[in-house]
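Features of the protein shown, as given by Swiss-Prot:
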- SER1261: active site, nucleophile (ACT_SITE)
- ASP1379: active site, proton acceptor (ACT_SITE)
- 1232-1237: motif 'GXGXXG' (MOTIF)
- 1259-1263: motif 'GXSXG' (MOTIF)
- 1-72: topological domain 'Cytoplasmic' (TOPO_DOM)
- 94-115: topological domain 'Lumenal' (TOPO_DOM)
- 137-1531: topological domain 'Cytoplasmic' (TOPO_DOM)
Amino acid sequence: MATGDGIIAAPPSLESSSLDPLHVLPASSSTAARSLATSIPALTASFSVVSGFSSHLPPPPVTPPAPSTMVGWIGWIFSFIFQVIPSVLYWIVTFTTITLPTWLFTLFSMSLTFTMNFTTLLLIALAVVSTISWFIRYRFLNMYSRLPPEPQRKEPQLDLFPDVPDSDTKPGLANYLDEFLSAIKVFGYLERPVFHELTRTMQTRKLIAGETLLLEEEKGFCLVVDGLVQIFVKSMRDRKSGSDEELNRMAGESSDEDDHRPDGRQGYQLLTEVKNGASMSSLFSILSLFTEDVQLRYADSSASSASSIGPGLAIGPDSFPASPREMDDSPHVYQGDRLDPASHRNSTAEDLPAVPPLNLGESQVPPAHSARSESRKYSGKTRRKSVHPDIVARAMVDTTIAIIPASAFRRLTRVYPKATAHIVQVILTRLQRVTFATAHSYLGLNNEVLGIEKQMTKFTTYDLPNELRGSALDRLKDKFIKERDRLGQEEVTKGIALHNPYGGRRPRSSSFRRKEAALQAKMVASKRPVSMVAQDSALSDRENSGVSPGDLLSTIQLSRFGPRYEHLAPRLLSPLTEKEHSPLRSPSPMIPGRASPFHRKESLDEDALFRESILECIMKGIGLTGSTNDFLRKSSHPSGDVSPKLLSYDSRRQKAVFSNNAFGFIDPYEGSADGESESMMSMSVTSAGGTSPIVNLREELRNDIEIVYFPQGSVLVEQGERHPGLYYVVDGFLDVGIPVDDKEEDLVGSSRPAHEELFPMLRRTNTSSSRVSGSAAAANDPRRKKQSRRSLYLIKPGGIQGYVGAVASYRSYTDVVAKTDVYVGFLPRASLERIAERYPLALLTLAKRLTSLLPRLLLHIDFALEWVQVSAGQVIYHQGDESDAIYLALNGRLRSVHEGPNGKMTVVGEYGQGESVGELEVMTESTRPATLHAIRDTELAKFPRTLFNSLAQEHPGITIQVSKLIAQRMRDLVETPLAEKGGEPGVSGTVKTAKSTLNLRTVGILPVTAGVPVVEFGNRLLQALHQIGVTNGATSLNQAAILNHLGRHAFSKMGKLKLSQYLADLEEKYGMVLYIADTSVNSPWTQTCITQADCILLVGLAESTPSIGEYERFLLGMKTTARKELVLLHGERYCPPGLTRQWLKNRVWINGGHHHVQMAFRLTAEPSHPQTKRFGTVLKQRVQVIQAEIQKYTSRRIRQSPLYSAQTPFKGDFHRLARRLCGRSVGLVLGGGGARGIAQVGVIKALEEAGIPIDVIGGTSIGSFIGALYARDADVVPMYGRAKKFAGRMGSIWRFALDLTYPTVSYTTGHEFNRGIFKTFGDSQIEDFWLEFYCNTTNISRSRAEYHSSGYTWRYVRASMSLAGLIPPICDEGSMLLDGGYIDNLTVDHMKGLGADVIFAVDVGSIDDNTPQVYGDSLSGFWAVVNRWNPFSSCPNPPTLSEIQARLAYVSSIENLERAKNTPGCLYMRPPIDPYGTLDFAKFDEIYQLGYAYGKNYLEKLKREGSLPLPEETEEKKKLQRTLAPRRASI
């Protein structure tokens, strides 16, 4: 061992082993094995050497022998077992028992000493604390920065589907048929036999280019099949000149719009151009074809008649002094050469006496009819004018026209009366929608339209009999006077209805009465002798001839009706019948000893007599008794002398007219819902038991007639309201007028003050557009003081008010007010609809009267207006096309889309029912600025430019009216904020959303997947719509209702046509229609719900899987462009964070937003049949109930029930959704102002307590924070708690001191500010908020404002609250966002764009010091500091550098604030918070109480002024339905 160099020599054994381990290891191993095999002591002796060696080396390997023999292998295995395994065991034992304890003893016996100073210890401590704080700061306290990225949801791209191929691309016969079918669509749906009857006599005619056609000589329905025809009208200034010269000259000249004579006088003017598939006839000319043989007025020769106009009398020009037309030469007025409609058709011409007709009481009819007829053939000057005079057609190219002659319409009227009545009803409806609505609401032709109603009173005035005047009327008035004294003035103005003892009985259905009558007839026939049956059959033959309500008791045996009618026999006697002493009337043999009821007053019920008499006059007025009464008198005496008055004779055609016309009697069969076949018309007109159908009608109407009293000044009908029914004036006067503004508007209109038009939903809207507010308040409403009425005419006793509107289901163009105390008989609209459906003569009479009273101006407008029907997705015109017409939406919805230079589609606007589009381009003769396409199947009125030019020359007032409309639209465009016109992504959705929320008429409710309770959802939504007061009401449709209406046509092509017309009528009748898709996904009704909807609500269960459902796939396959919104149903008022994003992530087609609705529902439908209760089933159900109860208490979910809620039902989720669909949402806009925004919490609480619902919330800066708190839960209590907690954090100086950093970008890092907002909102997203919410920010990277309505709440609220210099901007998709108040601190414009109707704007911003500065042209900073501290200085302090920067930043915000204050519908609120600073968060309670007190005072002030938009005012409007539910007098 050499120790000098520190090297220790190893033992020989170890040294040799280390030198040659390969030879030493096997030897030592074999020696150890042999020693172990011989004796244990030898193993103990060599323990120390082996342990030292084995502790450093692993177990030695064993080299296997050469595989020569099997014995060698076996030996090697035994050697391995006895050598290696013991060595390993020995190593483990020695290490754990000796080596390891030795190491531990050595370690613990060692001592270490560290010596360091305080500086080192301090540095080490700081390092440790810094490491821990860094770990906590960046690992635990910044969880907001590690949230998964959730970018804002992008607006879906607009899809324009390819155009529907035009029909003119089809070859040959298909093109011809398509053009013809498109032209006769104006008739509505036609059944196959009706279609064949109409077209079997159709003729075609070829016109060469330049050939003219006098339409006034064409007696038929003309349509263009192929070619182009121009329609000309003779100028009014040149009407009296001859027309032959004009026609000859016009045929050879070019197609200018105006032709001029050499002397400068005008000739013919171009009205319109008719292309393929369009009609050359107007709606009025079609009506004239159907009503040639209909009388204008029922003949009443008694003294009580209000007019002497009879069916055989001509109406001269002096009969209608206000008529714009000459009535004496109109074929529809002149009745002298027509036969009485009641003449029997079975009689032949030879049976008739060859005598000319006599006219009793008038001499205005020319005596020579044949001479007049002959002269008409040869003299153009003396020929009778048609319904379309001075109308000439000229073919521009070789044209093929089709003509359906007038004889086809006459035969159709005779063979298919119910189909004729339906066609007339369809045309009357379209006449109102197309011609009347356009002339009244769009062109301002009030005098022409309202003059028709005024002149109509000439036909409908019939006085009550004299016996009901005097003392009888006085006794009736006494009953009302007693009740009026008992009631208050407010109740009396709604009307007092006389008690009707039979009014409460529910009338039985017509089918039930028919079955009952048939059964009773069989029973009577089986019991009576043959002679009685023969007598009844003879009577039945007489009744088949015709029945008049005035002759009921003279032809009907009362005993057949049972004891009740025998008891009521005196009361059923018609007073009008008794007072007519006609020599043709004989006493009825059925009622022996009948005497006049007026001589036995003690046995009469005068109320019933009044009702019978009023009903008699009303039925005469609507034309139900004219032909039938005369016909009954004639047929009752076949052997007697026939009065010439009762039998007219046509000397030209040598045959009797109306000999067996279907309208000569009243059709007995009610138009059932399943559409009964017209073949049933050939059956007997009487019921099976011999009962005339008119008796059933009289019984029904007698129960429906109400006698109502209205005091002076009461409003019976309001402008824009659908007529509640017919008012027959018994005593008093009704004043018919229109509301006019006292202050005339200029060309661009005058905007009302902000408080004038606060809540448009509280006022009825005009039928032309939902944006034009009507007046629906009571006469004493303080908000109507700015309007006055202009009286048009008076309705005197005996007159009928509402005839045109009630029979044809029009809306009223006028107000009807009681001029004096008035007593009226009221027949509800439902009864009139029943009459019109069962008795076609009422509609035909109305159509006849309308055609006779039509002004020439309306005729020309009706001729030129084209009724157009387009399919869903069809493009009406493209961008860049020539503007040739103005389009008015009658039904459906249109969307205007502008294509930018980069191909991006931008929605310009959407247009609903009653709105127009294209005036500006037509007036300026420019090209179309955008593409217009139909969102769904749409009906349009096409107003050609040629008609506008023609009207502008002859009626300048029309030009002024349209100019006002265009000027108003231009004003709206000028006043629209520039931000809303831009194409930036953050602002582009404003205009689109605003246009799409207005004037929605149809809403489709579609489930996401099967099992969603859409029926219950639709019913609750409908109930909410009724409660908020939708204009004209709302209704819902499901498959059951549609099948009930269609009946046997439900699954045929006819059913589709019938359904389309039915749906169009419903949309016209109601303000909103809900289509509930309650069928399977592939059913036709589901497809109908999608195609008919302006807006589609996709309803899904929030707790179910958010995958795409089968109904959504079907919706996407339909390629509809309607607006789509998602509705999530929650069982509780709670939405888990991120749930809404999962639903919206895969639904890029949702372009209308989403809604959260709480609704309790059953996941499984109740079984229709109760299941048998077995023991196993009962036990299983009981276990499930117990398990559910346990989970209720053990679940960790916190039940989100509102802790505070105002006592108002209008804050419900369904009411919020209903207001959104109606465009009546209430918005709340909160401005920025730092700690001053705490006052907004108090204002919101005041709004809650006042019961004002809030639907949409928008905020800026601190307003975004407060608004997000309220929108999250829609509750005041959690908002108050979280806001106070956040204010406590912001009031801590130490938190900001610890967050300070080097002011390169800002003074603080923003971490503490981020944590304060994140601790308030967590990971919730804006989509999960219960109320719709948005906040605005300023994008300094792109220099624009952005509005955020999706994404993490804390990020965008933090960005909206980021003051420049204090907090760094927040990064969002590469852009830097700062406080939104720099551009717009009060976002009223954006809220208005979202569809909010009433907006509460709370401004808490600071007010700048506007003191004039006079410090000169230069300024010393030292002088400014001294002046600031000098109390004796008179110079104002100049602003500091920071104040100048702040004012510079808020320059644009001040302009937007001033515009927001003047926005219509905006209620501007500014609490007195000026003494408080931006960072005074420590004064939370003080500022909160100040805002609460201000809010209560402000709302109370609005309530006193009548300007508070409370839903209760809508309920008051419902009470104006005066006669629908009148107050009964206790008599």
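In case you wondered, yes, glycine gets a Cβ from its N, Cα and C as well.
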Exercise for the section: Can you grab the distance from ASP1379 (active site, proton acceptor) over to the residue listed as 'active site, nucleophile'? Cα atoms, rounded to a whole Å. Expected result: 6
Problem - For the residue listed as 'active site, nucleophile': intrachain residues, at least 6 apart, with Cβ closer than 8 Å - result: GLY1231, GLY1232, GLY1233, GLY1234, GLY1237, SER1360, MET1361, ASP1379, GLY1380, GLY1381, ASN1385
Problem - In three-state DSSP terms, the structure that SER1261 (active site, nucleophile) belongs to - result: coil
Fill in the blank from the handout: Across every protein chain in view, the count of C-beta atoms other than its own within 10 A of the C-beta of ASP1379 (active site, proton acceptor) is 27
Practice task
Could you put numbers on the helix, strand and coil content of the motif 'GXGXXG' (1232-1237), residue by residue per DSSP?
Solution key: 4 helix, 0 strand, 2 coil
Problem - pLDDT averaged over the residues of the topological domain 'Cytoplasmic' (1-72) - result: 45
Problem - Composition by DSSP (helix, strand, coil) of residues within the topological domain 'Lumenal' (94-115) - result: 15 helix, 0 strand, 7 coil
